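Participant: Below you'll find the structure I mean.
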Amino acid sequence: MPPAGSLTDEQLRFFDANGYLVLGSFSSAEEVRAMRDRMAELVDGFDGAGDVFSTKDHRQVKNDFFFKSAENISFFFEEKAFGDDGCLKQAKELSINKVGHALHELDPVFKKFSFGANVSSLFSSLRYKRPAVIQSMYIFKQPGIGGEVVPHQDNTFLYTDPPSCTGLWLALEDATKTNGCLWAIPGSHKNGLKRRMIRDEIDTHFDHPSPTYDLKEFVPLEVKSGDLVVIHGDLIHQSFENLSPVSRHALSLHVIDTEGCEWSKQNWLQRKIPPQPLYEN
């Protein structure tokens, strides 16, 4: 049997037309459990010194902690995790927004998935020549306080010339409209990149204002644990707050082609060491 990432012609046509693709049962229940258990261990060992993550307020990207997370395993709290007194309102494990951005390199459990045959086969199907994971994130979408992710395109933040970013979003729990699943505008990737986030010596800024979108154009991408959503770098996608009592854990990888595509020196994420490719043609 071919790896789960080997795409059929029909799947490739759907991805080309819509800018996303859902692959059912991409990871086994055992693989999902291994990643969730490993993250629980990492959180348990976390001393509580992190930063607040928000997709609305980009002041945090001035923060040296955020920039250094490119090659570290760093913990980011939910915006609503703290009370007026500055203390956590709930347990530590229910307060973290995400962990990033180098799990795929520094942790053996997440590296096993990221460099596995399924992921490599997927990018071979997409005709990548020398794909490399540029960042990885474990996203918790905590019950009751899981923050929204505003409409965006991944190429805004992870730009190559020519653009080559593809996102992989692996559900580690069922994702529904109730607990904050992804939403996307089908075909929106065909309209090109709307704006970029630019990093200079001390700050970041966007080169254009945020576009406005009609919420009626978005469709929900409800998936089961173990399913994978493949996301074109120019696809408009988002997720709403999780106001439910149920979390929505997911692993997100962003992959670029390092052959024939140049990583922008204006991206927020700058590495001291080039990323390891999944394979080389």
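Heads up, the Cβ atoms here are built off N, Cα and C, so glycines get one too.
Quantities reported herein were computed from a predicted structural model and do not represent experimental measurements.
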Participant: Going by Swiss-Prot, His152, Asp154 bind Fe cation; tell me which of His208, His237 is listed for that site too.
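Facilitator: The record-listed residue among the candidates is His237.
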Participant: The 2-oxoglutarate site in Swiss-Prot lists Lys98, Met137, His152, Gln153, Asp154, Trp169, Arg248. Which one of Ser125, Ser239 belongs there according to the record?
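Facilitator: That 2-oxoglutarate site, as Swiss-Prot gives it, pairs Lys98, Met137, His152, Gln153, Asp154, Trp169, Arg248 with Ser239.
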Participant: Please report how many Å separate the Cα atom of His152 (2-oxoglutarate binding site) from that of His237 (Fe cation binding site), as a whole number.
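Facilitator: The Cα atom of His152 (2-oxoglutarate binding site) is 6 Å away from the Cα atom of His237 (Fe cation binding site).
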Participant: Could you work out which of the binding-site residues (Lys98, His152, His237, Arg248) has its C-beta surrounded by the smallest number of other C-beta atoms within 10 A?
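Facilitator: Result for the binding-site residues Lys98, His152, His237, Arg248: minimum number of other Cβ atoms within 10 Å at His152.
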Participant: Helix, strand or coil by DSSP: which one applies to Gln153 (2-oxoglutarate binding site)?
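Facilitator: Coil, per DSSP.
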